[in-house]
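The structure under discussion appears below in the form of C-alpha cells.
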Amino acid sequence: TEGPYFYVPMVNTTGIVRSPYEYPQYYLVNPAAYAVLGAYMFFLIILGFPINFLTLYVTLEHKKLRTPLNYILLNLAVADLFMVIGGFTTTMYSSMHGYFVLGRLGCNLEGFSATLGGMISLWSLAVLAIERWVVVCKPISNFRFGENHAIMGVSLTWTMALACTVPPLVGWSRYIPEGMQCSCGIDYYTRAEGFNNESFVLYMFFCHFMVPLIIIFFCYGRLLCAVKEAAAAQQESETTQRAEREVTRMVILMVIGYLVCWLPYASVAWFIFTHQGSEFGPLFMTIPAFFAKSSSIYNPVIYICMNKQFRNCMITTLFCGKNPFEGEEEGASSTKTEASSASSVSPA
C-alpha cells in the first residue's frame, strides 16, 4: 500500500493499513517482533558504542597510533558511531511504539544519519584496501604513503557518502519507513512520480556497491599474490609462511565481512526494485538490514581489535596503563620479524 511518503508492504483489502508515522503497525507482524527488534537495537548500542568510542579514545591517548595508515580505521569508527547514535537509537525508540513516531522530518534525519554512517563505512573498507595494496604491492615506484594521502582517503569516503545520502533530501529519491516501519531508508519500493527512484537506485547499486566491491576484490587479490610471492621466495622461513597464513586469514575475513554486511541488503533491495508490485513481507527487508547494522560491531573487531598495535593499546588503557598479556603478545610476535612486507598488513 503506497501513501504520501510511505510504503507499507501489505495490500489494503481490509482497510487496516495506516500511516507508519501516526499509528502502530502491529497488523504487519506479531507485536513481539517489535520487542525483538528493540532488544536487538539495544544490543547493538551497548556493544557498538563502547568499542567504537574506545577506538577513538585509545588513539587520542596513545600517540603511536596516530599514524597515517590508521586514519581510515578511525574514520571507520566514526562511521559506526554515526550508525549507532543516529540510526540505532531512533529505531529502538520507534520499535517500542510499533511505528515511526518521529514523523517525516525524523525519518529524513534518521535515514540520512544511518545511511551516511553505512556509506562512510563501506567506502572506508574500499579505501583501506587501496591503501594496503599501495603500501604492500608498491604499484607506484618511490611512493611513500603520508598524512596527505591518508587525509585524501578519508575525504573520499565522506565525499562519496554524501553523494549518496544528500540527493534523497533534495528530491532525487527519498527516505521512507522500511521493513517493520520503525526505521527509514532509501525508497527502493515505489516509482513515485517526481522522485526518479529508478535512476537513483541504479546509481546507488552500481556506484556505491559494485564499485567498492570490485576495488576490494582487486586490491586484496593483488595483495595476496604479493604475499604469496614473498613467501615462495623464502620457503625455508617458517615465520614468512606463518605471516602469509595470517595475512590470508585477515583478507578472507575482510572480504567476508563486507559481503555479509552489504550483499544481503543490496540483493534484497535490488530484488524489490526489479519486482515492484510483488508481494513480500515486512521481515523480507528487515532481516537483511540486521546484517548491515551489525557491521558496527564486527567491523571494529576485524579491522581494529585484530590489529596487534590497537589491541595492545586498548588493553593497556582498560587496565589503567598496564598490559597483563604483554609477555604473551611479545612471545607470539617475536617470531614474525623476518617477513616485514607481509606483516605490514597482518592482523596480529
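Backbone N, Cα and C define each Cβ position, glycine as well.
These come from Swiss-Prot:
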{"type": "TOPO_DOM", "residues": "1-33", "note": "topological domain 'Extracellular'"}
{"type": "CARBOHYD", "residues": "Asn12", "note": "N-linked glycosylation site"}
{"type": "TRANSMEM", "residues": "34-58", "note": "transmembrane segment"}
{"type": "TOPO_DOM", "residues": "59-70", "note": "topological domain 'Cytoplasmic'"}
{"type": "TRANSMEM", "residues": "71-93", "note": "transmembrane segment"}
{"type": "TOPO_DOM", "residues": "94-107", "note": "topological domain 'Extracellular'"}
{"type": "DISULFID", "residues": "Cys107-Cys184", "note": "disulfide bond"}
{"type": "TRANSMEM", "residues": "108-130", "note": "transmembrane segment"}
{"type": "TOPO_DOM", "residues": "131-149", "note": "topological domain 'Cytoplasmic'"}
{"type": "TRANSMEM", "residues": "150-170", "note": "transmembrane segment"}
{"type": "TOPO_DOM", "residues": "171-199", "note": "topological domain 'Extracellular'"}
{"type": "CARBOHYD", "residues": "Asn197", "note": "N-linked glycosylation site"}
{"type": "TRANSMEM", "residues": "200-221", "note": "transmembrane segment"}
{"type": "TOPO_DOM", "residues": "222-249", "note": "topological domain 'Cytoplasmic'"}
{"type": "TRANSMEM", "residues": "250-271", "note": "transmembrane segment"}
{"type": "TOPO_DOM", "residues": "272-283", "note": "topological domain 'Extracellular'"}
{"type": "TRANSMEM", "residues": "284-305", "note": "transmembrane segment"}
{"type": "MOD_RES", "residues": "Lys293", "note": "N6-(retinylidene)lysine"}
{"type": "TOPO_DOM", "residues": "306-348", "note": "topological domain 'Cytoplasmic'"}
{"type": "LIPID", "residues": "Cys320", "note": "S-palmitoyl cysteine"}
{"type": "REGION", "residues": "327-348", "note": "region 'Disordered'"}
{"type": "COMPBIAS", "residues": "332-348", "note": "compositional bias 'Low complexity'"}
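Counting only same-chain residues six or more apart in sequence, the Cβ atoms lying under 8 angstroms from the Cβ of Asn197 (N-linked glycosylation site) belong to Ser173, Arg174, Asp187, Tyr188, Thr190, Arg191, Phe273.
Within its own chain, the topological domain 'Extracellular' (171-199) has Cβ neighbours under 8 Å at 2, 5-9, 20-21, 25, 28-29, 33-34, 37, 87, 90-91, 94-95, 98-100, 107-108, 110-112, 114-115, 269-270, 272-273, 276, 282-286, 289, counting only residues six or more beyond its boundaries. Across the topological domain 'Cytoplasmic' (59-70), the prediction's mean pLDDT works out to 89. Stretch with the most C-beta contacts under 8 angstroms to the transmembrane segment (200-221), considering only 34-58, 71-93, 108-130, 284-305: 108-130. Taking pairs at least six residues apart, the transmembrane segment (108-130) and the transmembrane segment (250-271) share three or more Cβ pairs below 8 Å and count as touching. Reported as a whole number, the C-alpha separation between Cys184 (disulfide bond) and Cys320 (S-palmitoyl cysteine) equals 41 Å.
For the recorded positions given as Cys107, Cys184, Cys320, the lowest number of other CB atoms within 10 Å of the residue's CB is seen at Cys320. The transmembrane segment (71-93) makes no contact with the transmembrane segment (250-271), as judged by fewer than three Cβ pairs under 8 Å among residues 6 or more apart in sequence. Beyond its flanks by at least six residues, the topological domain 'Cytoplasmic' (59-70) meets 131, 135, 145-147, 149-150, 309-310, 313, 316-317 of its own chain at Cβ-Cβ distances under 8 Å.
Residues of the same chain lying 6 or more positions beyond the ends of the topological domain 'Extracellular' (94-107) and with a Cβ under 8 Å from any Cβ of it are 5, 20-26, 31, 34-35, 37-38, 41, 175-177, 180-184. If you measure from the Cα atom of Cys107 (disulfide bond) to that of the residue listed as 'N6-(retinylidene)lysine', you get 17 Å. Long-range contacts of the topological domain 'Extracellular' (1-33) within the same chain, counting only residues at least 6 positions beyond its ends with a Cβ under 8 Å from a Cβ of the stretch, are 97-101, 103-104, 107, 174, 176-177, 180-182, 187, 189-190, 192, 279-285. In the three-state DSSP scheme, Cys184 (disulfide bond) is classed as strand. The two recorded residues Cys320 (S-palmitoyl cysteine) and Lys293 (N6-(retinylidene)lysine) have their Cα atoms spaced 31 Å from each other.
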